[in-house]
Structures are given as C-alpha cells and as structure tokens.
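For reference, the structure discussed in these notes is given below.
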C-alpha cells in the first residue's frame, strides 16, 4: 500500500501535537511503544531500506518538502530478524513437543500401559489447552507486545518439557511410565503454544514493511508445522523400542530448553514504525471485540481457517493410525508426515513472496481451498491401495496447499479487519482451529472402523467424515469478493489510502 503526501502531512501534524493529544488517544491507539518524537523527526530511507542505509537526501527533510505522490518513507531495522528467529525456534520446539508421542503411538501406549486412544489424548489435550488461555494471550500481545508473549511461552515450555521427562523416568514397579505426569507437562506446553502461534501477525505488523509482512508471517507460522515434521521423522528414530522413550523425551527437552535461551534478549519494538499500517492507530481491545463480529469477511475466513487447521492437526496426530491397518509401518507414517510438512514449507516459500508482491489474496485462497478439500477426498481411498508412493504423493499435495494457504489467510485477515489489532484476529482463528482439531481427533477416533472387507482398526469412516466436512467449508471462502461481502474489503482499502 502507498500512502501519499497528504497522509504524511496529517501524521506529522498529529505528531507535533503528541504531548497535548495523548490523553485523547486512549480509545484508538497503538500499543507498539514507538518513540513518537523519532517518528516525527526521523531521517529515514524508503520502505525497502534498512537502518544502515540512509537513503536519498531529499527524503531526509520535513515532510512538507516532499513532492506529491511520493511514498511515505518508513524505516526498517535489521534487528527485526532477531525476534523473528526466536519466534521460529519456539514454534518449532512447541510443535515438536506436541507430536512427541503421536508417530510412535503403539510403542508409547505399551510403555505407559495405556490404550492408543489415551496416547491420542496427549495431542488432544494439547490443543484444548489453547482455548482457556486465549483471553490471556490476546491481553498479553495487545498490552505487552510480542516480547512479553515470547517470555511467557518460554517459561511454560521449560516447565512442561522437564515435567514430561520426569514422567518418563518416574516408572512404576512394572517399568511403565507415569502417564498423568506426562499429561500435565503436555498441557503446560499446550498453554505455551498460543503465545507464539498467535504472535507472528502482530510481530510482522510491528517490525516489517508492507512488502515483507506475508513472508515474515509465513516463516514464523510455518515453523510450527516444521517442528511437527521433525517430530514425525526423528521421534521414531530415537525411540525404536519402549526403552528409548525416556531418552527421546530427554533430547526433546534439551532442544526445547536451548530454544528458549535467547528470549530475554530480543528487542521489544522498533524505535519507529516500518509501514503506514503499523503507524496507524488501532482500536482498543474492548472496541475491537465489538467491531469484529460485524465484519462479514472475517467470518468467512474464520470458518475455513478453523476447519482446515483443525483437520490438519487431526491428520498429523492420527497419521500412523490411518495407515497402519493397511500394513504401513510407523516409519512409513513418519515419512508421510514429514513430506506433508516439508513439501508444504517449500510450496509456501514460493507462494508467500508472490502474495507479498502482488497482494492477490483472494484468488490465491480460492485456488488453494478446493485443492485442500480434494486432497482429503482422495485420502479416503489411497490407504487401501497399499501403495507407499500413493500416500506420500497425497500427503505432499495436502501439505503444499495447506501451508500456502495459512500465511495468506492470516495476512488477509489483517487487511479486512483493520484497524483491529492483528493479534486479536489471529488468536481467535487459531483458537477455532485448535478447538476443532481436538474435536476432530475425538470424533475420528470414535469413528474408527469400516465395512466388511476392511482391515481391523481402519479409519475409513473417519476419513469420510473428514472429507465431507472439508468440502462443506469450501463455499465460505469462495464467497469472498462477492457483492454482499465487498463492503468490508472496500471500506478497509479506503481507510488505507
């Protein structure tokens, strides 16, 4: 977006009167803690510049000397990558922790002397933990910013991992692990997840320019499923038998602890905003929660986002149980889960910069959503072929479409809901996805079974349920841009200039 001369002049006038107007700004404000005196007098480079590139001298004078139609100059800081790297690390280890036991569900069930359904509850409880903590996440991100949210998540990750490790070492006389203690640690890590999973849109809005926000959001958000891929691939290698489970949890705990170490040292906020949308005033929390339910485009995105994130989480947790009745090994399922995520990351690496440059949010969403639903439909039939190549291909396509959709949808939410602060919409949507993910795991586990001729323990009925609901969600994002919903997007576009 390009804000013109008159917009900059108005911002300069407002900044000159900052001390006098401050009490009146409590209703619509930014909580980003920019140094507003620096904003008013900053000698800056264009939006694409960096803190060590001063830019043309003509851009360093008072805004009134700028020619008409000249883009407003905003400054980028190289230190923005420090906090982004910390978000990436935390999202990786938290997601790895989530799926620690899922790819070795049979071995884990034997080690803890519980059923595979109980092992599923380690993933399910992790996702349910997202909901009760979400109001605190919104408040923390809104009032304290990404750094405070990262610090809270780091503390919970440390506590949860070492409690889980204690649960694998505190064995009973028969040598079985302490499952309730492991569940407690898993829930604590589940509490940590929303503090970093909902933070990327807030962080990219705070630190990155208009041409970099989608890519920054993609990098931080997709680190979460990348961690899941590592868990799917590495977990079965570390725990080839019951005796290997305590060491697997120890290694995971050490990596998680290392990922939390930089958290106290990341910068809180840039001295000056990187873009017009970052510099603009946001609705306060109470007013934002009143405004959001009236935004029709938000609800279209919310339904699709929640359903597809929910099913992605469910499939990631149940992948071994989907494939094992047809003779596939835990290693085969782990590779399929790894491809689901790694191919998705590669696809997102191409799609996210494209959307950053072109802003083709709606058409991208409308292409990817039917592709995701089609993948769930094919997944009904592919396990019975007993072709390992077939399950790898379907998982790769599903991952590519799902991962490409995720950052595009999150950033489009920021656009259509402005001036609502990004952490509010992202937390609400992620909460919907985590809730449905947990519900879908419960439902799909209960639907285990098939018809005559299907192997024992098949998930055929569960996969049919999944495909039906996935296709039922398709019409919602396809209505984006239609006349009834254009008003929300056009209103926001007008506000952004």
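Note: Cβ is positioned from N, Cα and C throughout, glycine not excepted.
What TrEMBL says about a protein is an automatic prediction, not a curated fact.
A quick note: this is a predicted structure, and the numbers were derived from the prediction, not measured.
Checking the ranges 60-77, 150-167, 204-221, 222-239 against TrEMBL, the transmembrane segment annotation falls on 150-167.
When TrEMBL is compared with the stretches 11-31, 32-52, 179-199, the one noted as transmembrane segment is 179-199. Note on the transmembrane segment (428-451): residues 117, 120, 123-125, 127-128, 130-131, 134, 193-194, 197-198, 292, 301-302, 305-314, 317-318, 321, 409-410, 413, 457-462, 465-466 of its chain, located 6 or more positions outside it, place their CB under 8 angstroms from a CB of the stretch. With Cβ pairs under 8 Å as the measure, the transmembrane segment (297-315) is packed most heavily against 367-385, out of 150-167, 179-199, 335-355, 367-385. Tertiary proximity for the transmembrane segment (179-199) is limited to same-chain residues at least six positions away from its ends with a CB under 8 Å from its CB atoms, namely 87, 90-91, 94-95, 97-98, 112-114, 118, 121-122, 125-130, 133-134, 137-138, 140-141, 146, 149-150, 152-157, 159-168, 170, 220-221, 224, 423, 426-427, 430-431, 434. Same-chain residues lying 6 or more positions outside the transmembrane segment (335-355) and placing a CB less than 8 Å from one of its CB atoms are 99, 103, 214-215, 217-218, 222, 225-226, 228-229, 232-233, 315-316, 319, 323, 328, 361, 364, 391-392, 395-404, 406-408, 411.
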